[in-house]
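**Q** First the structure, which I've put down as structure tokens, then a few questions once you've had a look.
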């Protein structure tokens with residue numbers, strides 16, 4: 001059992017999103033490098049090996065390409081002045097000048113910007129690897145069961161179709177056939193229909209979609225089903241307008257707070273509507289002190305980097321050797337707290353399982 005299995009999925013996502021937000025508060029290359037290294041160490045220690053190979057590898061490639069593209073952009077479109085470290089032939093395309101003299105400041109700016117985006121990508125990838133987004137939707141409020149079901153279908157349909165296409169094309173190559181469009185689409189659609197029917201039968205046999213008050217008329221439950229999506233759409237619109245009001249000086253000062261309060265009120269209405277729905281789970285996941293430590297480590301890193309680090313350290317500019325404070329380094333190292341809070345627990349759990357397996361094997365050998 002890995003350490004990720006001992007921590008609540010919501011705690012992993014709080015940790016990952018806080019680390020992603022912390023990375024956006026600084027452009028210090030050393031702090032960003034420590035944040036990225038801590039993320040890699042936590043994933044290597046706590047994540048399931050299969051998910052680490054299949055899921056996190058994609059995020060690694062995207063993060064690496066992000067850094068490379070940012071550096072290439074600074075080389076192709078050099079801006080600003082400074083000490084030149086690379087001179088390339090200039091190419092003028094109208095008012096745009098490509099290549100030319102690439103300064104050290106431009107390369108450092110591209111590197112720090114790429115590292116910042118890479119850490120954000122790795123933080124989201126680490127949260128997705130340690131706690132699957134599909135499993136996270138199970139912990140949504142019961143009043144949002146319909147919306148979470150739609151999200152599960154929307155999130156899982158494309159990966160499932162991708163795997164089905166790869167399986168069909170692999171089977172066609174093994175038979176010595178050319179995997180054309182017709183030979184790929186028809187088997188994929190057939191397999192999709194079969195899986196859908198199997199899933200529908202399994203859900204029906206488990207009573208999925210049943211309500212406690214089955215004898216109530218259908219009209220009685222139609223109003224909550226209509227109010228929920230309308231309230232959520234209104235909350236999203238209120239948040240969008242509140243965000244716009246913050247950046248538009250023409251809006252009155254009370255506009256953003258009123259819209260934010262309206263969004264909170266609509267969210268409460270959506271959560272309170274349809275509370276008669278009851279969902280059961282086979283094995284409930286509890287919010288343990290270990291989960292609190294994991295979530296608090298990400299929140300603490302974000303809080304320190306956002307409030308306790310001076311702007312001169314958080315954004316050092318194009319300095320070759322930027323200043324580094326102890327607070328910034330400690331804030332970045334807090335991201336690695338799950339190595340102790342979750343990784344050691346996973347190791348103890350594996351050891352306990354092996355010990356129990358040995359205890360069960362000894363009587364069998366003695367009996368033999």
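Backbone N, Cα and C atoms are what each Cβ position is placed from, and that goes for glycine too.
What you are looking at is a predicted structure, and each value in this text was computed from that prediction instead of being measured.
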**Q** Of the ranges 253-271, 272-290, 348-366, which one does TrEMBL flag as transmembrane segment?
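**A** Going through 253-271, 272-290, 348-366 one by one, TrEMBL flags 253-271 as transmembrane segment.
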**Q** Decide whether the stretches the transmembrane segment (83-102) and the transmembrane segment (114-131) have at least 3 CB pairs under 8 angstroms, with pairs required to be 6 or more apart in sequence.
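**A** The transmembrane segment (114-131) and the transmembrane segment (83-102): touching, no.
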**Q** Count, for each of 12-44, 56-77, 253-271, 292-314, the Cβ pairs lying under 8 Å from the transmembrane segment (114-131), and report the range with the highest count.
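**A** Looking at each of 12-44, 56-77, 253-271, 292-314 in turn, the most contacts to the transmembrane segment (114-131) are made by 12-44.
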**Q** Counting only residues 6 or more past its boundaries, what in the same chain has a CB within less than 8 Å of a CB in the transmembrane segment (253-271)?
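**A** Answer is 141, 143-144, 227-228, 231-232, 234-236, 238-239, 241-242, 245-246.
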**Q** Take the C-beta pairs under 8 A between the transmembrane segment (292-314) and each of 12-44, 56-77, 230-247. Which stretch has the highest count?
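**A** Comparing 12-44, 56-77, 230-247 against the transmembrane segment (292-314), the winner is 12-44.
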**Q** Checking distant contacts: for the transmembrane segment (12-44), what same-chain residues at least six beyond its ends satisfy Cβ-Cβ under 8 A?
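**A** Hits for the transmembrane segment (12-44): 4, 52, 56, 108, 111-113, 115-116, 118-120, 122-131, 136, 294-295, 297-299, 301-302, 305-306, 309, 313-316, 322, 324, 328-329, 331-333, 335-336, 338-339, 342-343.
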